[in-house]
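Colleague: One structure, as structure tokens, below. Some questions next.
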Amino acid sequence: MGCTLSAEDKAAVERSKMIDRNLREDGEKAAKEVKLLLLGAGESGKSTIVKQMKIIHEDGYSEDECKQYKVVVYSNTIQSIIAIIRAMGRLKIDFGESARADDARQLFVLAGSAEEGVMTSELAGVIKRLWRDGGVQACFSRSREYQLNDSASYYLNDLDRISQTNYIPTQQDVLRTRVKTTGIVETHFTFKELYFKMFDVGGQRSERKKWIHCFEGVTAIIFCVALSDYDLVLAEDEEMNRMHESMKLFDSICNNKWFTDTSIILFLNKKDLFEEKIKRSPLTICYPEYTGSNTYEEAAAYIQCQFEDLNRRKDTKEVYTHFTCATDTKNVQFVFDAVTDVIIKNNLKECGLY
């Protein structure tokens, strides 16, 4: 009697092969799909990282898209000079030249009636004169004592260019814009044959309750910390040091049961601002127990240790730390390349393919 398979048995074998093939294909597909969650306190640079992904992995911002950011550039510039002028009153700093008091009054009038996306030569002239004033500069140097955008000096130092009638924001201008992220912003791009879905989540406390919806199936978390926040307080709670808030948040994310198998990538961001600030503002403002020198290398290494020491599962979980400057495209490109290699390795392990 021959050992032939019945039609039914053949169909069963084919079905089994198809299931195996589908499982393998699903595994490979899962290994190629990366869900990245960008977390961190407010103003830590998350949205700037997302903008860099568009510049690096897509085709950047078109001229039309850049034009749309003109409104934000002008708004950020005007709000920055207004924040400094208001702080002068609180900090009891006088203008270097008495005539600037008239300019300050004029600023509020012109800013209140300014057409969106337009900077008149009159308004630009008022802002330039104010920004050059010794009292305004003295107040700017004390910006840790009030809330001020990181991009303030970038725009205010370049008023001649950005106030031109034919001005179109550059990619760098776009990177420097600040708009508070509310809700969840999703970005898709392909890199090293991986399909990335990146989720930027609002960092202010009021936004955090929305994060939970993103947690399922996350491949990796990029947690952003602004190194330069060590001597600042929160916009939403002026009693809370920003770095302490970041540490508290990192602790809750790094040791969360949801993320037992999730790669944690720590971006210690704004290293350029930190390098400047540490020369004049001691790290002991944030860490009174710190006894090291106020050099970039030593102070940055100390902050890195403070965060990495929060990981309570060091034996099974690694935190991958990178020092970043989110406005520097080359730096972000280099770091993201290294991050992707870690993700590929860990992703393949998860799918049993490594």
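Yeah, the Cβs are placed from backbone N, Cα and C, and that goes for glycine too.
From a predicted model like this one, the values you see are computed outputs, not experimental measurements.
Pulled these from Swiss-Prot:
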| type | residues | note |
| --- | --- | --- |
| LIPID | GLY2 | N-myristoyl glycine |
| LIPID | CYS3 | S-palmitoyl cysteine |
| DOMAIN | 32-354 | domain 'G-alpha' |
| REGION | 35-48 | region 'G1 motif' |
| BINDING | 42-48, 150-151, 175-181, VAL201, GLY203, 269-270, 272-273, 325-327 | GTP binding site |
| BINDING | SER47, THR181 | Mg(2+) binding site |
| REGION | 173-181 | region 'G2 motif' |
| REGION | 196-205 | region 'G3 motif' |
| REGION | 265-272 | region 'G4 motif' |
| REGION | 324-329 | region 'G5 motif' |
Colleague: Just name the most isolated of the binding-site residues SER47, SER151, going by other Cβ atoms within 10 Å of its Cβ.
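Modeller: So among SER47, SER151, the binding-site residues given, the one with the fewest Cβ atoms within 10 Å is SER151.
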Colleague: At the Cα level, what's the spacing in Å between SER47 (Mg(2+) binding site) and ARG178 (GTP binding site), rounded?
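Modeller: Distance (Cα to Cα, whole Å): 9 Å.
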Colleague: List every residue in the same chain as ASP272 (GTP binding site), at least 6 positions away in sequence, whose Cβ is under 8 Å from its Cβ.
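Modeller: The list for ASP272 (GTP binding site) reads CYS325, THR327, ASP328, given in order along the sequence.
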Colleague: Calculate the per-residue pLDDT averaged over the domain 'G-alpha' (32-354) and state the result as an integer.
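Modeller: Computed over the domain 'G-alpha' (32-354), the mean pLDDT is 91 on the 0 to 100 scale.
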Colleague: DSSP three-state call for ASP272 (GTP binding site): helix, strand or coil?
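Modeller: Assignment for ASP272 (GTP binding site) reads helix.
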Colleague: Using a 10 Å cut-off on CB atoms, tell me which of the binding-site residues LYS46, ARG178 is the least crowded.
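Modeller: Fewest other Cβ atoms within 10 Å, among the binding-site residues LYS46, ARG178, is found for ARG178.
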Colleague: Under a three-state reading of DSSP, tell me whether SER47 (Mg(2+) binding site) is helix, strand or coil.
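Modeller: It is helical.
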